[in-house]
Amino acid sequence: MASDLWRRFERASCLAYLGVLAVLCALSPAPVAIDTSRYYNYESLSGLLKELAAAHGSLARLFSIGQSVENRSLWVMEISSTPGLDSPGKPKFKYVGNMHGDETVSRQVLVYLIQYLLEGYGQDERVERLVNATDIYIMPSMNPDGFEKSVEGDCTGEHGGRNNARNRDLNRSFWDQFAAVDVDEEDVPEVVAMEKWIKENKFVASGNLHGGSVVASYPYDDSETHESGGYYSKSPDDEVFKYLARSYSSKHPVMKTGKPHCPIDPPGETFEDGITNGAKWYDVTGGMQDYNYLQGDCFEITLELTCCKHPMASNLGEEWEKNRESLLNLMEQVHIGIAGFVTDAQLGLGISQATIIVAGIDHNITTGKFGDFHRLLVPGTYNVTVVAEGYLPVTIYNMEVLEGPATQFNFTLHHLGSVDNRTIETPTSTVYRAQNVSEMEDYHQSRAIEPSNFRHHNYADMEILLRKYSTEYPAITRLYTVGKSVEQRNLYVMEISDNPGTHEMGEPEFKYIGNMHGNEVVGRELLLNLIEYLCNNFGTDPEVTSLVTNTRIHIMPSMNPDGYEMATEGDMNGVVGRNNSNNFDLNRNFPDQFFQIIDPQQPETLAVMRWLQNIPFVLSANLHGGSLVVNYPYDDDAEGIVAFSKSPDDAIFQQLALSFSKENSQMFEGHPCKNIYPEEYFPQGITNGAHWYNVPGGMQDWNYLHTNCFEVTIELGCYKFPFAKDLPKYWKQNKRSLLQFIKQVHKGIKGFVLDAANRKGIRNATIIVAEVNHPVRSAKDGDYWRLLVPGVYKITASARGYIPMTRNVTVVEEAVEVNFTLSRIADHYSNNNDQVLTNSSGEPGKEFQQLIKTLSSEEGLNHLISSAHVDLSLDRYHDYKDLTEVLHGLHSNYPTITKLSSLGQSVEVRQIWALEVSDKPGIKESSEPKIKFIAGVHGNAPVGTELLLAFAEFLCILYGKNQAITKLIKETKIVIVPSVNPDGREIAQEGQCTSRIGLTNVNGKDLDSDFMGNSSEQFSEMQPETRAIVKQLILHQGFTLSVVLDGGSLLTTYPYDKPVQTVANEETLKYLAIVYSDNHPKMHLGHPGCPDNTEENIPDGVVRGAQWHGHMHSMKDFSVTYGHCPEITVYTGCCNFPRVKELATIWNENKKSLLSMLVEVHKGLRGMVTDKAGNPIPNANIILNEGVKVLTSEMGYFHVLLSPGSHHIDALAAGYQHQRKQVFVSPSEAATSLIIVVELDNKLFGLPRELVVTAAGATISAIIVTACIIWCVCAIKSNHQKDGFHRLRQHRDEYEDEIRMMSMGSKKSLLSSEFQDETESEDDTLYINKH
């Protein structure tokens, strides 16, 4: 009886489990039945599409956008919850297949996709969600005529069908941005219909399906150069396109491997992540995907689905399975980025054709007829502006875009004149700030006195006019000259201010420069008109009065008066008079960050540079002619190609440019010179300089990089020298722009940096905006100005000898005053006793700490030098043989403190010697700082070699004789490499100050551009000299500081030499360079005085490498990046190879600076990372100020140099908890020391141990439940047999054997599930070849 009850309980329990399973199965979507056994020709395709549209009328609409050459319909199936209706806020997506008629898999999978979506709606939640939220348009065949000609099984297209019936390749027949496409519209009705369809619909994204490979290709498909392959043609939305391409490839089992293995592929052809830039693969002129993006604002990618273009029908089912998930995934990406509505503030109606501008991305979209927009963006933070005709522009700053569905933002626009220029609060928490816009021509402006002097002014006429106004308005004007032209004409400047001749504290300085190119005269005349207008209206017109009262305005009407005198009225686009009298283009004559300008600097250029060094200009415009656009930095790039070259302040530069262009309606339209350049287009009348064309040596970039001044270049018209009768028109067009641009000088933040003790201004203090790699400096009274777009910023003020101060600042439309009061470091350090530092076991004794403090005092090093007199005879240069003998002699005479070794050999098999000076040479001491001194990278500059030989002998002689030198050697590992390029040195010639003979190695390679990277492939490509330095010195020696000696100027540079490289630890690197410069009697003055550039001014004698002579692959950059060692380069004199009689003087000038480096290497922060038991933790990450990273040594030690002040230190070690410390570094004390004790991390897989245990328990429970279900199934079947129901087996043992086998199979299926890692790489994609 009990056993019978137990069997009934088993049966009831199992039936309950099976009931639950039945419900779950019923809820799961049934697979959509799709016939993949055959191809559909035109008739069968048309019939199927009509049947599907009729069967799913609530979801589908079939229509044709036109006819093919042979009058076949170009069918499109719209799939939507509201077919035939445009729904507000609903994005449109399209797929186009079979553009090439013989590439047929695309046609078929799109038919299957239509069926899948229609028949899956209501059953599959994903399909239903996608269809409800998206208007989907699918065109299975754009080339039905070509399909009818193609042959099944033709993998390479040899039987035809690719082109349309007029033998035109449809994917070479669209409008192209880089070339004229010569196609008769009658020959390509398919293209005409497609172009019309694209323009009439606001498609957001699209996929164009092809065959012949397996890869996702994205714009641009061609380039200006039309190279056959290998040229990456980058669109403004390159990151978005890569994101879309990966969204498809990552879900395709073959494509994501990047290895199509097509039989016709070039051997080894691969595509990283399965994607490629179109032009990088091969150049396609007239392609459809580029047309979509440039003419339709639709983000289209091209998808190659199969190696075989027209495979056998038996393969279609497999291809559908490969592509189904990818097709769905790409459609879902139409919902990323930002989306919302633009509405009228008064009526609440949507504003159509409003422009959506994303700062830093030179591609705008417009709103649809309901005011709705969808702007695809990858995750990040953006500033988004909306502009509509007749409305005040509105910007949302720091808009955060997350992974997944689009961030929703709505814009409410006010009509021009309906509100003042103020902050507009919306009902949400988001603040929209109106851009600075034109003030309407109000009552005051209508009364303003307009200029009447509309004629061309030659030099004498201009001079008289300027004197006239300076005489008539002495209270607000001052006429002065900054220098003379080649022909001794004055470079006049008219200052207009309520206190002329004086820099008023807190008042910004502004300048206009005209006529830089002598035959571009509109700027010259407009500036003379502006002088007249400001003078005549001061005191009567509120706008003018406010500008003159609150701004010190400097106007230079002509920078090239000589060229003007040669130019001719009526010259539209000539070059006569463009250059100065020496025939040099002044706008190619300034020092450049990317290229060395070899033309001699002209007197006009030098005069302007001196002018800018003497006045703290904030904002400037350089007025030109020949086009109609505002051009902003950068003007060139490192590659010298036409490409967007973004400055750190790109957002504010775009705002500045727009402030001018939007007041000039013709300029803002963006089509400047239709008769001359019909294809030229500048959205909103502005352009990045390098994106237009490259200008190395331009003035605007020099302003930005070498002063506090932000300058743009303004092209004022297509005629360079128009007739005088047209001048009133130019004034009318540009008057508002000229005034509005001056007002921009009052944007961002301004204030004072003050000394906390005496409240005086601190000159040359640095103002740094977090995440914007462009500091500005305070003027002589401590006042500063920093242009910024509205937003929230972290601003830091710092000055040498002071504690830095950081403030969070909200910037609005008008300038916000932010003052900083800094305390001196000594005062702070003596009054702060709350920071307890723990001495590490490797810390030097107190006696040595006191020595560092003494040597860091004002006269410390001077006393050392005076007490350590050594008579070194620097009376000859040492060639390689002499150098070798000197080094061997030092080692022989001082064997206890030196070790001589060879790092490697030069091309001509000369040794690259390294001399270690230490009390324990050759013995590794983890706790001691290591410093290396290197010279002779350039063989034609051997002064550094001689200085290091003298320095080595100086140290050796004084060891044991001078207490300070002895202690420094005992506590420091010093490595001296006097000649990296001995081969070049052998052919260099004494007395040749500028000769390049010997600069390179014998292979003609500049070794300071040969440090390419740390991969094995890059090692193999390096020169032997470079390879020796990298492998034997930089990568495995753990240096704390590196000093390189070179020649050719008198200054010190710090990393990076690479142009446009973010400098994570710039304050420290610059500080180290300043220490060297400050201890040099001439260098710190900042005037190298070299013959080729007598007026060069380098503040403090220190400059970032890229801002002086930027170049790639330098030793300095490699040392910082891969050796984690700060490195400075010291240029010891203007002459590379001076006469030997000058060596003694150069040695005496550099001795103190070299010793200061031995002192400085003992500062900063040193310590040790251990666990709780005191065991050292090797290879722990020490992260400084959330940026720079160093690793602990094998014994857990670390030593990093830091600029004086407060710093955050993070210690990260695998398996240990993160530790953060705050330390204070003194400028005069030995290294701050601490031990960081890390505790074991009580986490598993990055989660709390308790959570992982709980999850594991839940998993085990799930396995048990599954086992119960399997057991129940078995039990029910067993009971059925015993009770006589459905007796399928006659023998119990056979039945139980089968149950055991089923149970084993179930277990196996559970354990054999395969999981694929679809993690996408964050690395830049490497693109190879296309078909």
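Each residue, glycine too, has its Cβ placed from N, Cα and C.
Source: prediction; values computed, not measured.
Matching 78-99, 980-1001, 1090-1111, 1310-1331 against TrEMBL, the residues noted as region 'Disordered' span 1310-1331. In this model, the domain 'Peptidase M14' (38-334) carries an average pLDDT of 94.
Across the fold, the C-alpha of Glu304 (active site, proton donor/acceptor) and the C-alpha of Glu715 (active site, proton donor/acceptor) stand 44 Å from each other. If you draw a 10 Å sphere around the CB of Glu715 (active site, proton donor/acceptor), it holds 26 other CB atoms from the protein chains shown. A simple way to gauge crowding: the CB of Glu304 (active site, proton donor/acceptor) has 28 other CB atoms within 10 angstroms, across all the protein chains here.
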